[in-house]
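Novice: Straight out of TrEMBL:
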type	residues	note
DOMAIN	1-197	domain 'Major facilitator superfamily (MFS) profile'
TRANSMEM	12-29	transmembrane segment
TRANSMEM	49-71	transmembrane segment
TRANSMEM	83-102	transmembrane segment
TRANSMEM	108-132	transmembrane segment
TRANSMEM	144-161	transmembrane segment
TRANSMEM	167-188	transmembrane segment
TRANSMEM	250-271	transmembrane segment
TRANSMEM	283-302	transmembrane segment
TRANSMEM	314-330	transmembrane segment
TRANSMEM	336-355	transmembrane segment
TRANSMEM	375-398	transmembrane segment
TRANSMEM	404-423	transmembrane segment
Amino acid sequence: MAEKTVMSSGLGHLFMTVFVFNFANYMVVPAITDVSMAALCPGEDECSLAIYLTGVQQAITGMGSLVMMPLIGNLSDHYGRKVMLTLPMLLSTLPLVILAYSRDRNFFYAYYALKTLTSMICEGGVLCLANAYLADNVPLSRRATAFGILSGISSCSFVFGNLSTRFLPSAASVFQVSAAVAMASVVYMRIFLPESSMEAAVIAVSLKEETVNDCLLEKGCTNNRPPSRTTPSLHDSIALLRSSWTFSQAAIVAFFSSLGELGLYSALLFYLKAEFHWDKDQFADLLIINGIAGIISQMVLMPLLARVISEEKILSIGLIFNCVHIFLYSVAWSSWVVYVAAMFQILAVFAGPSLRSIVSKQVGPTEQGKAQGCITGLCSFASIVSPLIFSPLTALFLSDNAPFEFPGFSLVCASFAVMIAFIQSVMIRAPPPPVPDLKLDDSVSVEA
């Protein structure tokens, strides 16, 4: 009973940590487009320089994350989730402090450079480690629900973050509050979040080390292999991808769905700015609708569906609705169509949690961090490819030099990428997990 209480408390503090951290970072999403364009192209509604700089930042971030996410995930398997969470959470506060001080052009470029460098480590790191923390402490039968709740917590922070931006008087106050809340999230995590329960992983690693030590002590041992490395190589990631066909299929889905979603995020706000002359308040309204739809989906609908529908089917449902969701944005002829498209988010967000749950069941308890890091790394690779495709398309079709009149053409291409992920998802037939769940108490609730 005491262990159950500790684990439930740990999940509660994890959810609060993720909420506060994401709240701070989501606050700046509606404001950053206006800040970027005011610094780079004052008084204009279309700015190719801002689009290309955003794309370059996304690509560089992706290259760094491609290397760092498997490394951070693997190190967390050995040194603990809480220790590794500290680094990305702390670094992510630094760029916010710069724009909290000033939004002038020179300060914007300083923010841009520091944000690019820190995002190489921070981008996706908290999500990766939070998913690994959940996999450590939640039995197999409840992981889909647990991942859905975590994603729902992120949606809650998304709504409240954008809502606060909607009512804050200026961009300066947005970044000042965001920086303060980001610092508070680090303090909260360090004080209250207990280290993850990793009994199975610790036992397995200890047995491996004992075997190696016994082998080294016995002179007659003919197969003396050094202890395994804690730093993953490309070969390790490839071996993990080849460990099961289901894992490989999930990796393909992760890449193409991320490619499409990143194409949407990189183009949407610039598209709405150019076509409908939206500002930070209208951006915030749209993002709040998306967030509320995500909360309803992940906190209410997904736990219910997970009891009667397999994760593979939930994944396919999420992807097809995400495809429709993006396509409707691309053909919007009025502002009300944009808001209708946002409502499809209620089913589109199924994809992420179900994919993470499928992945977590394909590896043993000693490889949860490595598996989540590998998938996050593939999503980071998509963020390298995405700006190479979507930034030029967005800039071209929003300019006066477009080959034909279709401002949302880059969004159509993004929906096509998600469609490829959907086609792959319907072919996933998940086998039973290779390693039994070694939790001491499978009755632990995933609710905070």
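Heads up, the Cβ atoms here are built off N, Cα and C, so glycines get one too.
TrEMBL does not curate its annotations; it predicts them automatically.
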Novice: Return the stretch with the most CB pairs under 8 A relative to the transmembrane segment (375-398), choosing among 12-29, 49-71, 108-132.
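Specialist: Out of the listed stretches, 49-71 contacts the transmembrane segment (375-398) most.
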Novice: So which of 49-71, 108-132, 144-161 has the most C-beta pairs under 8 Å when paired with the transmembrane segment (12-29)?
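Specialist: By Cβ pairs under 8 Å, 144-161 leads among 49-71, 108-132, 144-161.
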Novice: Apart from its near flanks, which chain residues at least 6 from the ends of the transmembrane segment (336-355) lie with a Cβ under 8 angstroms of it?
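Specialist: Distal contacts: 144, 147-148, 150-151, 155, 250, 253-254, 257, 272, 276, 286, 289-290, 293-294, 296-298, 301-302, 305, 311-312, 314-315, 317-319, 321-322, 324-325, 328-329, 375, 421.
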Novice: Output the single range from 144-161, 167-188, 283-302, 314-330 maximising the number of Cβ pairs under 8 Å to the transmembrane segment (83-102).
Specialist: 167-188
Novice: Within the same chain, where does the transmembrane segment (404-423) have neighbours whose Cβ lies under 8 angstroms from its own Cβ atoms, ignoring anything closer than 6 residues to its ends? I mean 6 or more beyond.
Specialist: 252-257, 259-261, 263-264, 267-268, 271, 274-275, 316, 319-320, 322-324, 326-327, 329-332, 351, 389-390, 393-394, 397-398
Novice: Return the stretch with the most CB pairs under 8 A relative to the transmembrane segment (49-71), choosing among 108-132, 144-161, 167-188, 250-271.
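Specialist: Top-ranked stretch among 108-132, 144-161, 167-188, 250-271: 108-132.
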Novice: Short question: which residues 6 or more past the ends of the transmembrane segment (144-161) have a Cβ under 8 Å from it?
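Specialist: Same-chain residues near the transmembrane segment (144-161) but 6 or more away: 11, 14-15, 18-27, 29, 127, 130-131, 134, 138, 287-288, 290-292, 294-295, 297-299, 302-303, 306, 311, 314, 349, 352-354, 356-357, 360, 446-447.
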